[in-house]
Amino acid sequence: MFFNFLIPPNSFSSFPEYVAFVVSLSYALNATLLLLYSRIFGVEVKEKAFIPVTLSFVAIDFTSIQGLRLFVGIPAYLGVVILTSLCILEGLALALTSSLALVNASRRHLAATWIAANVASSGLFMAFVGVS
C-alpha cells in the first residue's frame, strides 16, 4: 500500500527507527485487512500460513513503493497511469499471496478487494503527496 509515502522520514531521529515503524505499520495494516476480509466474507484463515503470508505482504508493499519512487517527477497524466497500473499489479500479487492463507477464498474476489484497497490508498497518496 502506498500509505508509506505519507510518513515523512525526517520525523524520526534515525533511519532504522523509520524503517522499523514503516515495516510495523505495513504488517499491522495488511494483517488487519486480511482478518477483516475473512470476517466480512466468512472465510476461514489457515493459522499456520497467516504469519508468513502477512510478512510477505510487507515485501510486496516495499517492492511497489520502490517501483513508484522510480517515477517521481514525471508528468501528472503519466503518473496517474503508472500509479493505477501499480495498484492493479500489487492487488493481483496480494490476492495471490493472501489466497494461500485463506480456505476456499475466491481469487477473483480477493483481487478485486485488494485492488480497491490499493486504489483507495493511492487516492490518499495523490491527495496528500500528489503527482508532479
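Heads up, the Cβ atoms here are built off N, Cα and C, so glycines get one too.
So that you can see what the record holds, here are the features copied from Swiss-Prot:
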type	residues	note
TRANSMEM	15-37	transmembrane segment
TRANSMEM	49-71	transmembrane segment
TRANSMEM	81-103	transmembrane segment
TRANSMEM	110-129	transmembrane segment
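Note on the transmembrane segment (81-103): residues 1-2, 30, 34, 37-38, 43-46, 49-50, 53-54, 56-57, 60-61, 64, 67-68, 71, 74, 110-111, 113-119, 122, 125-126, 131 of its chain, located 6 or more positions outside it, place their CB under 8 angstroms from a CB of the stretch. Among residues of the same chain six or more beyond the transmembrane segment (49-71), those with a C-beta under 8 A of the stretch's C-beta atoms are 1-2, 4-5, 23, 26-27, 30-31, 34, 78-79, 82-83, 86, 89-90, 93-94, 97-98, 100-101.
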